[in-house]
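Engineer: One structure is given below, represented as structure tokens, and several questions about it will come after.
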């Protein structure tokens, strides 16, 4: 995600060491030193550990002793090394005299593959030791990233092997190998498959050495991918069945490949080709005049970064392109730069500023509020986000501003401070930033903004500016007051709502405005604490064993238990190839209170008694009298690390044998329940997360039936020998599977929460089943389609008595309140009354009223009407609310108050706080708002109009002077290049469209504009930046901490120039005739056509526990008329080396200067949902052609280790010699693509919401699903569904 910034904090770094010093440094780091580790967890005190560098794997490891590694980080993940105590890990111990290390003895390693980096905070024994580590690691970081791909593969292989071979015995078992391959996304169908491959490698023993493992890897990769459509190999007659190491690609053949297939002009020089091959291979035995590739090495080259699709020459900044005015550039810009997560409870962090600046961001935001001691603080105002000091932020900016780029940085000041604190801000700007702060114009006589070259290493202030001659005065603000901005809220924070099913209290985010209370869906109560989750202390240490997979309880009476144990161990070890030492523990059949250890050795099962005794009232456990343990768990853990010793053998306990039938005693398991019965049970629990597991009729088969998104769904679970399979995820047992999905989502965001059986139904079940939940229920093929139409739920009050005429109608009296009403066409509605659920009643017998159900409004209105945006669950009108404190509390919560509404009888919302003080503050403020709601709203609107500015701060504003946007000034003499305007995305959408896009582009040619996410994006999600970019907006500010598609597009835009943060807009955008939404206005720009074939992939990341089933989506994103998507088929169960059949995908691009080629790898899960795996996005103008590797990145745009696609790509002019469009252009292209590749999405639906893309194809697909679902529903449902139209019954 970050650009190529220097690893040292100040950007300079130590001078490069000599070759001799490198050897000395590497040897010293490999030996290691003892240093003190300062933890990020408050519960852990600093500890002394041995730190070493493992050169074979390029990792830093630490341990207490010599034989057990406690932790490791990959050097390739290190982003920065800072000298001194420059992390919060040191701050936690400032008051502890035992841990006050000398500043010069400390350093911090920042590493990770996400926006928020992790820290390794260390205290060495001397300053020389610190320098040794910093110099050595700085060299290793660069050397590791620049290493040739074969060397990177070698290091990766050793890392995988050593992760299993922890004792460094240079051998692992076949079972370990099978598990390892599963971890790297390769399915081994059975042990026989491995034994056959190992036989090919002349493997004769039960263990595998590293050399054999490496050879197996080469064999697996080549054998799977030699079938790819590579004409060069076919032409070279290298496709025969010989082993790849016996086939060679000579230097002349490789040179021919580079020239003819890759179009590499430099390859005409034979010496350059020779040098390239030698640097790639790094093999002393092939440092000869004519080096060569073995065939599998050549295929590895095709997938390598050395064969990238991106033209790396564009990574360099071209100074000649940096002489235009700032308004001609796209400038990398951050919104809410200080945040590390969401906008209501995450942490404000100095590290976020450092991270953004080192990623090349050139416009950052400072949200300033009055703080203590006369100095402002920075945070997201009136929220739970933490606060940081303004002065600390300035020091961080100074330190990191020009590490990644020397081009100017713009500080966008969101100022909420008093005049006094504004003056202090101005003073600190000058004091801290010094000469880098721009305080006067570059050229007074200029008629436009200065260029990036003119502003090198300068920091500009964006802030409102006073009129000439004012000491301070009020100026108009361009930001309208809005109740929906969380910064304008009266109070907000975490409160708790009771779950009506399990009566647990769950956190929700509440916002009190001048007229309403908004509350979110269930959220996390963690308020952005940087600390890692503290480990939970186990209660009852003597019972720790009960949840371990090796504990089987009582297996049988008498000798039955012994026989059952022997059978379990024998079946498990023979089937899985488990090693000696595999074991289980069971209750003793003959000695009450004792246990029996049964284990596998030399093909037989042996048994050992575990004795127990009481010692001072507490139990003790032992095998021999001289070594006693406090718990059975401690005893087993000990012998997993220390060998069992007796006269005949010495052996560690190795692999626990899982329980096979433990699920039968669980409350969620049903041995004899049909699908229909399961559905009927779940229909009575209208809560997502309700679930049960049932045995299916097919052998070794189960089903999880659950509720999600209001619907009942099912998924199959298959028992395959000793393994339980859910989709392609493997578990040791059904209990392990359920336990895993109680902690992780099973379907979208749904976790298994409420186990359902008859006892649970009696407590929480409704009287009437929810038949609506059976939409999709009868068709196992449709698991994921949501409700076909959103329904508006309300409450109604009866105007007359009504007596039901049929069984599916309600009976009610005048003034009855009918809840949860769904309005239907034809004069008949459905609702809940008198214990009856969703029965029919005539709509002309009732009048609508406010109801609790109506508090959850339709999604279309959420973004516009709520400060919580998509997180909104409910809203209450404060003047209509009545507040009552519950002194007695409720259900284990002491601090509870109730909110009721006079218009809704017998309804209240119980809300819990964490403390009495918090409860009283909420109650007080809600009551105050209820009395003064109208006055508060009027006051807020009055305050919006004027803002006081200190002269000292105003004088620091030179070029970026925010003013209200005035469309009438565009193109006139009144337009001033020093003025700029800011727009929330919703306002910007009014200008970046076909009607006004050309006019807005005219504005941006002279002046700057900044666009930022709307305030309702509390989850810090981002908007689509493409329409803003093509209309010339320079400062399109995004949440850098959010790993979504807009940020990935942003990273792609600034690829050119090596993430320097400035990209010159195409010259066509400075053509006054150019219209961003009209391709006929493209003058002097040649359209192009692209043809792509996806051939294969390597080292795709895993998503969860299963082996992925990947497919690739290829997208051209850019101008509205160019946008189009296509996708491959999916490959079953292979993420290590999948291959796709040759199929060309064609794209025609009218505006290649503003077009991106985007690859996204998804996996298709068991619900036919697509889950993100990896992506790569490039500007089209920087693509190379031929057989090219596409290096893949994660969602944070960080490079994934060795992950890549192999594609064949051709780019050619879209116009033929006679001037006509090529056969791959225009409508014919789209038609051909539809015929060739199945699902195709094209043309952005930019009318209305900018995020409502490609909706028509999805809508068509949804309708076809509904039709098919209705077919199954009508075929399988016993009772026909009836609707009413105009009073008539319809079947």
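A Cβ is built for glycine as well, from the same backbone N, Cα and C atoms used for every other residue.
Below are the features I grabbed from Swiss-Prot:
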- 2: N-acetylalanine (MOD_RES)
- 335: active site (ACT_SITE)
- 380: active site (ACT_SITE)
- 506: phosphotyrosine (MOD_RES)
- 522-544: region 'Disordered' (REGION)
- 550-657: domain 'SH2 1' (DOMAIN)
- 668-756: domain 'SH2 2' (DOMAIN)
- 771: phosphotyrosine (MOD_RES)
- 775: phosphotyrosine (MOD_RES)
- 783: phosphotyrosine (MOD_RES)
- 783: phosphotyrosine (MOD_RES)
- 791-851: domain 'SH3' (DOMAIN)
- 977: phosphotyrosine (MOD_RES)
- 1222: phosphoserine (MOD_RES)
- 1228: phosphoserine (MOD_RES)
- 1249: phosphoserine (MOD_RES)
- 1254: phosphotyrosine (MOD_RES)
- 1264: phosphoserine (MOD_RES)
- 1271-1291: region 'Disordered' (REGION)
Engineer: In Å, rounded, how far does the Cα of residue 335 (active site) sit from the Cα of residue 380 (active site)?
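Structural biologist: Cα of residue 335 (active site) to Cα of residue 380 (active site) measures 11 Å after rounding.
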Engineer: Tell me the Cβ contacts of residue 506 (phosphotyrosine) under 8 Å, same chain only and six or more apart in sequence, or just say none.
Structural biologist: 496, 497, 499, 522
Engineer: To the nearest Å, how far is the Cα of residue 977 (phosphotyrosine) from the Cα of residue 380 (active site)?
Structural biologist: 30
Engineer: Within the domain 'SH2 2' (668-756), how many residues are helix, strand or coil going by DSSP?
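Structural biologist: Going by DSSP assignments, the domain 'SH2 2' (668-756) contains 19 helix, 37 strand, 33 coil.
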Engineer: Between residue 380 (active site) and residue 771 (phosphotyrosine), how many Å separate their Cα atoms?
Structural biologist: 45
Engineer: At a 10 Å cut-off from the C-beta of residue 335 (active site), count the other C-beta atoms across all protein chains.
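Structural biologist: Here the count is 25.
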Engineer: At a 10 Å cut-off from the C-beta of residue 380 (active site), count the other C-beta atoms across all protein chains.
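Structural biologist: I count 25 other Cβ atoms within 10 Å of it.
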Engineer: On average, what pLDDT score does this prediction assign to the domain 'SH3' (791-851)?
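Structural biologist: Value for the domain 'SH3' (791-851), mean pLDDT as a whole number: 79.
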Engineer: So if I measure Cβ to Cβ from residue 771 (phosphotyrosine) and keep only same-chain residues at least 6 apart in sequence, which ones fall under 8 Å?
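Structural biologist: Within the chain, residue 771 (phosphotyrosine) has Cβ neighbours under 8 Å at 683, 838.
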Engineer: How would DSSP class residue 771 (phosphotyrosine) in three states?
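Structural biologist: SS state of residue 771 (phosphotyrosine) = helix.
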Engineer: Based on DSSP, tally up the residues of the domain 'SH3' (791-851) by helix, strand and coil.
Structural biologist: 3 helix, 32 strand, 26 coil
Engineer: Mind giving me a neighbour count for residue 977 (phosphotyrosine)? Other Cβ atoms within 10 Å of its Cβ, every protein chain shown.
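Structural biologist: Residue 977 (phosphotyrosine) is surrounded by 19 other Cβ atoms within 10 Å.
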